Amino acid sequence: MLTLSATVPALQPSHMPCREDGVSSSSCQPGWPQVAFFYVPLYLIAIAQGADKPCGLAFAADQFDAEHQGERASRGSLFNWWFFCMAIGISVSVSVVGYIQEYVGWGLGFGVPCAIVLCAFLVFLLGTPTYRLYAPTPEAKSPFRRLARGLAANANKTGGLSASHSEEEEAAADARCVLRLLPIWAASLAYGVVYAQIMTLFNKQGRTLDRHIGDGLELPPAALQTLGPASILLFVPVYDRAVVPALRWATGNPSGLSMLQRVGAGMAVSLAGAAVAALVEARRLAMAREHGLVDDPSATVPMSWAWIVPQYAMMGVADVLAVVGLQELFYDQMPDGLRSLGLALYLSVMGIGGFISSLLISLIDGVTGSGGGDSWFADNLNRAHVDYFYWLLAGLSAVELALFLYFARSYVYKHKPN
């Protein structure tokens, strides 16, 4: 998905056909059939990810017995290492596949991920005899109907009516599990807004910096995109093998931190990361002004790429804490038959956060760019003020953290943490 977007500008349809002799020209553009052939697979990938991401992780977590203390603790590690593997995939996609597409060809560049997916599917099928498959409980056979009944039962109790059957009471208690998570979900949306900047504005910053290592080697722009996944790859083993045992000894909690404590810690690190990004961008702008590069958007600012490593690293650490914490929270606290829905609810935090980020950027760009002035997001980054936007994100993150702590203090776990 990261590399597909690079082909979109070249696929704008045109009424001017290509030359019949097959020789390409500047006016030779793909027609509607070619564009449709591109977009259909693109949306098929989106549909596949919408099904695979919540259901695959829920199925993997179901392989651990929640009633067994050891397996329950191991399930917490599953979420860590699942995210670790996702970071590996992103790193390979950005670096290796990106290099193949840039210097070898797009056909092979798309063929490599296709082969990897086929191999992964075969490995999944080979593991079929070892999977734990649970017989569906009565509540899991029709979870959405049961949820609707639970919501109706809660509404009746609020209106002064009492539920007449124990089954209705049980359905109401499923429904309450879902309702308790909604304030946590809403308070987490600002995190999704900050998360959306990792692959957008962070990269625009990095492209203007001096990317040399020593006197000769120059990092390609795509290499900077691996800094976030690289920090995840470094921190997950440290967290799972060193931090968790130390916290387990200190707190007595088998997971080290409770799920809400972990999410809150990630939000705090994300807030700090946004502030660091603002400070680094302010310094980059000052260097551009000092060296007379304000009106030269293609110039390299004499400032090392190492300056943006801390913000990438802090966002990677924040992801390991907050993203993995949200995954485990929305899986563990949902009713048994709705756990994949819970993970889909977690994924919507990132999706809706991305939409909010786009809306904010569009609104701010229109307001700050009116009257002939330079927008915060001017095409010439040396005249823009992305640092102001980062400070805005830091402020939103502070409000988010305060709301999260307020809701978390009154949250009652479905399974009380040991």
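Keep in mind that glycine also has a Cβ here, set from the backbone N, Cα and C atoms.
Just so you know, TrEMBL annotations are computer predictions that nobody has curated.
Lifted from TrEMBL, the feature list:
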TRANSMEM  78-100  transmembrane segment
TRANSMEM  106-126  transmembrane segment
TRANSMEM  182-202  transmembrane segment
TRANSMEM  260-280  transmembrane segment
TRANSMEM  343-368  transmembrane segment
TRANSMEM  388-408  transmembrane segment
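Distant neighbours of the transmembrane segment (343-368): 50, 53-55, 57-58, 181, 185, 188-197, 323, 326-327, 329-331, 374-377, 385, 389, 392; these residues of the same chain sit at least 6 beyond its ends, with a Cβ under 8 Å from one of its Cβ atoms. For the transmembrane segment (388-408), the residues of the chain that approach it from at least six positions outside its boundaries are 183-184, 186-191, 193-194, 197, 201, 260, 263-264, 267-268, 270-271, 274-275, 277-278, 281, 360-361, 364, 376-377, judged by C-beta separation under 8 angstroms. Counting Cβ pairs under 8 Å that are 6 or more residues apart, the transmembrane segment (182-202) and the transmembrane segment (260-280) reach 3 or more and are in contact.
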